[in-house]
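Taken straight from TrEMBL:
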DOMAIN    12-174  domain 'GTP cyclohydrolase II'
BINDING   Arg54, Ile55, His56, Ser57, Glu58, Gln75, Glu97, Gly98, Arg99, Thr119, Thr154, Lys159  GTP binding site
BINDING   Cys59, Cys70, Cys72  Zn(2+) binding site
ACT_SITE  Asp131  active site, proton acceptor
ACT_SITE  Arg133  active site, nucleophile
Amino acid sequence: MSDPSPAYEFVSRAKLPTRFGEFTIHGFVETATQQEHVALSYGTWKTNAVVPIRIHSECLTGDALFSTRCDCGFQLEKALQNIVEYGHGVILYLRQEGRGIGLLNKIKAYSLQDTGMDTVEANEHLGFDADLRDYSICKLMLDTLSIQNVELMTNNPKKINALKKMGINVVKRKPIDHGVTDDNKHYLMTKTAKLGHVFNPDKLK
Ligand SMILES: Nc1nc2c(ncn2[C@@H]2O[C@H](COP(=O)(O)OP(=O)(O)OP(=O)(O)O)[C@@H](O)[C@H]2O)c(=O)[nH]1
């Protein structure tokens, strides 16, 4: 009997010079949905090294359109800088916009937040769970990049648990609490109170 088709596949890689330094971009696809994801790697490492990584969920508004409603763009920039300063590392950029509800639903959720709901209430009002993300593609990405041990840049314990469950050794968490603005303070407080995020309370004053 032939093997069932894999859930995810590596497709191709290429150089990606950026404002921060020269990365390599690695493309992956989810076979069932054809959803595309990328990993950005910088530098080299030995297989058993502890590699600094960030798992970053797509946020078109923050990552590409300079929105200050969230901290996403600031975190992405800081992670790229950290990796270049460190000399090597990886961003796993997952195309799970709006914590998995998609761009247009995120705009609907923003619209509800403009009327006073918080980020969790808005998702639920639209009929979604607060967080629909799935991190399983990270295993193929990390295997493809020969990474077993990581230092994870995050404030989100769910990402740590997801990596541990897939057998990745999370040696350390590096907080990434950059980019607090008057526009996103309430959002970050809600994530801390309702979504389990670990955030330095002094930064939210
Ligand atoms: N539904 C919804 N999604 C949002 C909102 N604001 C930002 N997002 C999405 O939230 C996700 C944030 O992703 P990340 O920054 O990787 O994840 P995180 O859970 O904040 O964890 P860390 O940043 O690693 O601490 C992105 O997919 C954004 O598009 C919002 O108000 N509603």
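Yeah, the Cβs are placed from backbone N, Cα and C, and that goes for glycine too.
Overlay of TrEMBL annotations on the structure.
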residue	record	DSSP class
His56	GTP binding site	strand
Cys70	Zn(2+) binding site	coil
Glu97	GTP binding site	helix
Asp131	active site, proton acceptor	coil
Thr154	GTP binding site	coil
Annotated recorded positions Arg54, His56, Asp131, Arg133, filtered by Cβ under 6 Å to ligand 1: His56
Site of maximum Cβ density within 10 Å, from recorded positions Glu58, Glu97, Asp131: Glu58
Those recorded positions of Cys70, Cys72, Asp131, Arg133 having Cα within 10 angstroms of Glu58 (GTP binding site): Cys72
Cα proximity to Glu97 (GTP binding site), best match among recorded positions Cys59, Cys70, Asp131, Arg133: Cys59
Whole-number Å value for how far Arg99 (GTP binding site) lies from the residue listed as 'active site, proton acceptor' (Cα to Cα): 5
From recorded positions Cys59, Cys70, Cys72, Arg133, the one whose Cα lies nearest Thr154 (GTP binding site): Cys72
Winner by Cβ contact number (other Cβ atoms within 10 Å) across the recorded positions Arg54, His56, Arg133: Arg54
From Arg54, His56, Cys70, Arg99: binding-site residues whose CA lies within 10 A of the residue listed as 'active site, nucleophile': Arg99
Cα distance (Å, whole number) from Cys70 (Zn(2+) binding site) to Arg99 (GTP binding site): 12
Close in space, distant in sequence - Cys70 (Zn(2+) binding site), Cβ under 8 Å, 6 or more apart: Cys59, Thr61, Gly62, Asn184, Tyr187
Output field, Zn(2+) shell: CB within 8 Å of site CB centroid, site Cys59, Cys70, Cys72 dropped: Thr61, Gly62, Asp63, Ser67, Arg69, Asp71, Gly73, Gln75
